[in-house]
Amino acid sequence: MKHILNGNELIERGYAPGKTLGLALSLIEKGFEEFNKEELITLLLEVKAKPEQFIDHEILEKLATAIIEEAAAPVDETIALSAQATAYTVYGGDQIEEGARKQMNIAMRLPVSVAGALMPDAHQGYGLPIGGVLATRNAIIPYGVGVDIGCRMALSVFDISESHFHENEAQFKRELIAHTKFGAGHGFHGQYKADHEVLERAEFNLTPMIKNLHDKAYSQLGSSGGGNHFVEWGIIEFEKDDGALNIPKGKYLALLTHSGSRGFGATVAGHYTRLAKELCKLPQEAVNLAYLDMNSEAGQEYWLAMNLAGDYASACHEVIHKKLTKAIGAEVLARVENHHNFAWKEVWNGEEVIVHRKGATPAGKGVMGIIPGSMTAPGFLVRGKGETAAINSASHGAGRLMSRTKAIQNISRDQMRAILKEHKVTLIGAGLDEAPMAYKDINLVMDAQKELVDVVARFSPKIVRMADDGSRED
DNA sequence: ATGTAC
């Protein structure tokens, strides 16, 4: 090397480390033989101070251009992640895929993260894993709630015996077909549209975007959508009297529904995720965890819209249950419901936090919830034990064993028919991606969360309706 | 999860 000038000397004299420093060091090798070290430093500091005077310089033009560009570039607003992830508890660890753990590790490095937990049905999602619970300080993460805001379960227990149900299965199947609606984009039209007071809520006027969704929300009220959503008749068994629900031990007909906030919630989720990504710049590995400050206008807007979507999802279940209860002429003995894609303000370890449950069932002490299995595996009515390490949560189901594509490739129609026959389950709709074999063993998942919930009753699906195979439904 | 890309 011709010159004895090194990078550290330039940094000491006020050159910022990075692209321009490297450029300066390489360019001085292309000439300046007559310059001594001090003269070189003076020259380079001059370029840095007044780059515009050097933009026509034969050698230093590139350096001057880079300095001007750097000065014009916006300040890097990226929020740094903590080097160390805050510790969190994993339930059913040996059944949880690596991708879900990696995502949770990143979430636990957010500056707003207070506590987290992975439920035994956890698997990889966008941002926060499905089956992930995250408590934050004064921040709400749209992708920590999930795309289907207010996705939830609802159960009605009827005063109808198992034998009465079996003697009239054809009628129950008929009513299930008559009063439910499945498929992406689908809803009710004209006189078939349902009504509910949620449609009168003032929050529908919160923003023009939300106002524009009112018609769609009206039309889709009481519909179920697609994917893993279902409406099913089944038999629920209480092995002992339940005082809280006032249900004597025994078997009853029950209706179990799984669906969310349809197109309304999906559009709200998409809008505020995009907004959060604009307002909250995070490193590449964490972009889908962009959060909104709860005190900001956007944060407050999302909070109201999310709660509206949650109430709308609840209303959809209520409409389905009312229609079917009326159709079969039954009396409802008990009703249980819960969100499993939502965020709540809760106190955890003495601090008010925002608890995000993305595919997780609230399981505070004494809180009832529903954890479905699959179309042939049992679902469970549970009572939370209020486990602090799990942030008062439990799994939201069995969790997937195979991705949708893998299930379609690996499971045959015959296998599907055989397992339905074996469990005496009648199925309307559904593709192979929802086959029972695509899911983990719910019994193993329940075993892994004995510290989180007690089982109150066991639900066995009998007549299940889901959306037809994806692609062509029109 | 959702109509088809704000």
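Here the Cβ of each residue, glycine as well, is placed from N, Cα and C on the backbone.
Whatever TrEMBL says is automated annotation, not expert-curated.
Source: prediction; values computed, not measured.
Per TrEMBL, the features are:
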ACT_SITE  A:His396  active site, GMP-histidine intermediate
BINDING   A:Asp148, A:His229  Mn(2+) 1 binding site
BINDING   A:228-232, A:340-341, A:372-375, A:396-399  GMP binding site
BINDING   A:His258, A:His340  Mn(2+) 2 binding site
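Feature map: annotations from TrEMBL on the structure.
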residue: A:Asp148; record: Mn(2+) 1 binding site; DSSP (3 states): coil
residue: A:Asn228; record: GMP binding site; DSSP (3 states): coil
residue: A:His258; record: Mn(2+) 2 binding site; DSSP (3 states): strand
residue: A:Met375; record: GMP binding site; DSSP (3 states): coil
residue: A:His396; record: active site, GMP-histidine intermediate; DSSP (3 states): coil
Which recorded positions sit within 10 Å of A:His340 (Mn(2+) 2 binding site) - Cα, from A:Glu232, A:Gly373, A:His396: A:His396
Three-class DSSP secondary structure - A:Asn341 (GMP binding site): strand
Those binding-site residues, out of A:Asp148, A:His229, A:His258, that come within 10 angstroms of A:Asn341 (GMP binding site) at the Cα: A:Asp148
Nearest-integer angstrom distance between the alpha carbons (Cα) of A:Gly373 (GMP binding site) and A:Asp148 (Mn(2+) 1 binding site): 19
Distance check against A:Glu232 (GMP binding site) for the recorded positions A:Asp148, A:His258, A:His396, keeping those with Cα within 10 Å: A:His258
For A:His229 (Mn(2+) 1 binding site): intrachain residues, at least 6 apart, with Cβ closer than 8 Å: A:Phe182, A:His258, A:Ser259, A:Gly260, A:Met466, A:Ala467
Inter-residue Cα distance where the pair is A:His396 (active site, GMP-histidine intermediate) and A:Met375 (GMP binding site), in Å: 15
CB contacts for A:Phe230 (GMP binding site) [other CB atoms within 10 A, all chains]: 25
The residue listed as 'active site, GMP-histidine intermediate' CB neighbourhood, other CB atoms within 10 A: 29
Cβ packing number for A:Asp148 (Mn(2+) 1 binding site), 10 Å threshold: 24
Cα-to-Cα gap, A:His396 (active site, GMP-histidine intermediate) vs A:Phe230 (GMP binding site), nearest whole Å: 14
Integer Å distance between the CA atoms belonging to A:Asn228 (GMP binding site) and A:Asp148 (Mn(2+) 1 binding site): 12
